[in-house]
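Going by TrEMBL, these are the annotated features:
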type	residues	note
DOMAIN	81-464	domain 'Amino acid transporter transmembrane'
TRANSMEM	88-107	transmembrane segment
TRANSMEM	113-133	transmembrane segment
TRANSMEM	159-178	transmembrane segment
TRANSMEM	198-220	transmembrane segment
TRANSMEM	227-251	transmembrane segment
TRANSMEM	271-289	transmembrane segment
TRANSMEM	301-325	transmembrane segment
TRANSMEM	345-367	transmembrane segment
TRANSMEM	388-407	transmembrane segment
TRANSMEM	413-432	transmembrane segment
TRANSMEM	444-463	transmembrane segment
Amino acid sequence: MWNQIRKSIRKFLCPESADCLSHRNIQVASETVHGEKLAQQWVSCDVCVEESKECKCDQSTQDSKTTVVNEADVEHHTEANSSFAHSVLNMIGMLIGLGQLSAPYALENGGWASAFLLVGLGVICAYTSYLLGKCLAKSPKSRSYTDIGQHAFGSKGRVLASAFIYLEIFMALVSYTISLHDNLVTVFAGTQLRLPIWAKLSTSQLITTIGVLVALPSLWLRDLSSISFLSSVGILMSIAIFTSVACTAIFRVVKANHKIPLFQLHKIPAISGLYIFSYAGHIVFPNLYKSMKDPSQFTKVSIVSFASVTALYTSLAFMGAKLFGREISAQITLSMPRHFILTKIALWATVFTPMTKYALEFAPFAIQLERNLPDSISSRTKTIIRGAVGSILLLIILALALSVPYFEHVLSLTGSLVSVSICMLFPCAFYIKLSWAQISKPVLILNVILLAFGLLLGVVGTISSSKLLVTSLKRARSS
């Protein structure tokens, strides 16, 4: 059995080997209102040969024989039944996340003129989501982001897209865990906690560890409706955070009399990563496109969704910067007055948000891992392997978050190093490659300019955020 597992892991890391010309399309729950509909999976297998043995594939065009599997493992083919309104809600839910916490900090540091960058990146990311729709229209068989990469650049395109997707998921979870740590410390300020088995950990580290351990069982969930429920809870938490900040300004709990600087060019490279990460949702846009009743409306869905999210981020950024000025924290909830009841609601909402994200963010990796395990392994064993791998990864993420507790620098690095590629570079490159014969010169020039701009933001942002992160680590060690 262990030889089979090792072969499966090797197959998972390199799904497009010469021995297996298969492609798997995974659609998973993200931060969506109707996550259960989007959480259905497609698995198709073309001609596949592994060590002279015929792989068991479920294809209508091949033999009618099917592999007998556990009822929980049956693949469901999602009907394209999402309306325009549902698709808008789904896309907005995908986009809203840590960006709303960091937008006020980014605007205060970059100056009010940096709001043009925030809005501009929103427009660019809306355009690149449109490009993904165009790529899917050219390749009806493609159902996922990695499928588009394969159609454009072959197996190398799929592997590269997969690597960046998993890296973004991993780094995003580190950022969520840091956010959990910071807000839990504020919620339990003044609390002293010591456990003999973890004597070397401080109270804040112990509280964070307990919080992560509470969320850890969610990684063992296999019921898609349960994961969908977590998705809906995450959206409600985001609404609670925005409402709390808005009420702080409306009821004048804090006077919005701080002056926002005009423009601070030297800080733009670092905050550009924060802005880009705010629009990171492209990896699931192909799934949303395929779930629509009328895919021709996908462009309108992108425009409405990005316009709404950009308006929310911009208004929240100006509110936070005016309310707290230079004293603003990297997470807006940490700057709000402690005596205000809505502050406590916002803090708890920020605490619960990461705890709802672990299962959602881990789902693509978990499903891919489980699909590549041998059919001879029982469903219970697959669940154990899946849960064990997820638990180990989450503990690694916890260790990194406690070792590098600098939310703004890690989030900025994630945006500049990974998200800029997924949101800007790859969609433009995919579209140019797939539409080379039909693309007009103005459109080609536009996409080349966006590639150059995205590459510039990615390089300078990565360098800047990396330097700031290293400096913070050195300062922490010296103190």
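Cβ from N, Cα, C; glycine included.
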In the same chain, which residue numbers or ranges, 6 or more beyond the ends of the transmembrane segment (444-463), come under 8 angstroms Cβ to Cβ?
124, 127-128, 131, 269-270, 272-273, 276, 412-413, 415-417, 420-421, 424-425, 428-429, 431-432
The transmembrane segment (159-178) touching the transmembrane segment (388-407) per 3+ Cβ pairs under 8 Å rule:
yes
Top Cβ-contact partner of the transmembrane segment (113-133) among 88-107, 227-251, 301-325, 345-367, 413-432 (pairs under 8 Å)
301-325
Using a Cβ-Cβ cut-off of under 8 Å, list the residues of the same chain that are 6+ residues beyond the ends of the transmembrane segment (413-432) and lie near it.
124-125, 128-129, 131-132, 134-135, 145, 148-149, 151-153, 157, 161, 164-165, 167-168, 171-172, 174-175, 269, 272-280, 282-283, 439, 444, 447-448, 450-451, 453-455, 457-458, 460-462, 464-466, 469
For the transmembrane segment (301-325), name the stretch out of 159-178, 198-220, 227-251, 345-367 with the most CB-CB pairs under 8 Å.
227-251
Pairs 6 or more apart in sequence, C-beta under 8 angstroms, 3 or more of them: is that satisfied by the transmembrane segment (159-178) and the transmembrane segment (345-367)?
yes
Tell me, please, if the transmembrane segment (271-289) and the transmembrane segment (198-220) are in contact, taking contact as 3+ Cβ pairs under 8 Å between residues separated by 6 or more positions?
no
